[in-house]
């Protein structure tokens with residue numbers, strides 16, 4: 001793709017996200033979401049492969065339907081109450097429509113079916129954008145309207161997302177599909193606490209983006225697409241192998257990694273609000289996600305590829321820019337837990 005066109009698309013994608021995040025008017029927020037969607041469609045389909053075309057078509061249809069539901073929610077509220085302000089949502093039907101529309105854009109269960117298929121059909125860097133940056137605008141709108149969203153719906157979606165994210169990732173060998181189900185499970189943790197403590201949702205989203213970026217940049221650097229390819233990571237560099245292991249363990253939420261802190265705080269908040277059975281269910285469902293993270297770490301770091309040719313370790317990494325971005329993302333994904341008391345005050 002032409003670098004100028006690529007820059008325009010990335011700039012439009014960022015501008016759409018910022019417009020949606022900062023808007024309190026229904027139409028402006030909808031325009032931001034649409035600009036974001038239309039900018040990433042050419043990025044998804046730029047490889048000229050049938051799977052990329054299929055992924056871009058699925059992504060466009062799902063995002064168009066969710067945008068229509070979002071706009072219908074605003075029009076219904078404006079027709080009944082005469083206001084276009086997002087924070088003045090008084091109709092229950094509009095609240096439910098808004099929740100369903102944003103849940104579809106995020107890929108929350110039970111409207112999650114598009115996310116694994118789309119991520120499997122795109123390159124890893126494009127999958128990274130879909131799994132991280134494309135979650136910012138819908139999640140910002142959910143945080144903006146946290147006091148208007150029906151709590152039973154968010155609790156149900158959150159628990160269902162952690163169950164489906166954990167169960168769906170157990171039998172996956174493609175790494176992109178595994179990261180898609182990981183994204184669904186993490187989104188469940190964010191949504192289940194959003195009407196109780198929205199600041200924890202924002203913290204969880206920030207840490208999730210750091211962890212996922214670190215893991216997927218390692219996959220891109222080592223050209224790993226499946227668990228079988230992950231056996232070759234140790235031939236690139238022992239340091240990269242160690243960073244990949246620690247990033248996956250942080251995604252799984254094992255202490256003392258940074259990924260343990262948001263789960264700990266969310267479980268504590270649920271318990272304080274007398275939702276102990278729900279907190280126990282979330283903790284048990286987190287073990288399902290931890291299972292496939294541990295399987296990926298075992299295969300990538302403790303097993304060798306059954307290759308006839310003796311492979312030498314590639315000590316010289318290919319991309320300086322990718323390595324530098326990975327080196328900036330990895331320390332926060334490992335070392336935030338000791339300073340967590342300062343972050344939550």
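The backbone N, Cα and C atoms fix where each Cβ goes, and this holds for glycine too.
Here is what Swiss-Prot records for this protein:
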TRANSMEM  1-21  transmembrane segment
TRANSMEM  25-45  transmembrane segment
TRANSMEM  60-80  transmembrane segment
TRANSMEM  113-133  transmembrane segment
TRANSMEM  148-168  transmembrane segment
TRANSMEM  191-211  transmembrane segment
TRANSMEM  239-259  transmembrane segment
TRANSMEM  274-294  transmembrane segment
TRANSMEM  324-344  transmembrane segment
Candidate ranges 60-80, 148-168, 191-211 - greatest C-beta contact count to the transmembrane segment (274-294) (under 8 angstroms): 148-168
Listed stretch, out of 1-21, 25-45, 191-211, that has the most CB pairs under 8 angstroms to the transmembrane segment (60-80): 25-45
Long-range Cβ neighbours of the transmembrane segment (25-45) (under 8 Å; 6 or more residues past either end): 1, 5-6, 9-10, 12-13, 15-19, 52-53, 55-56, 59-60, 63-64, 67, 70-71, 73-75, 77-78, 84-86, 105, 118, 122, 126, 129-130, 134, 137-138, 141
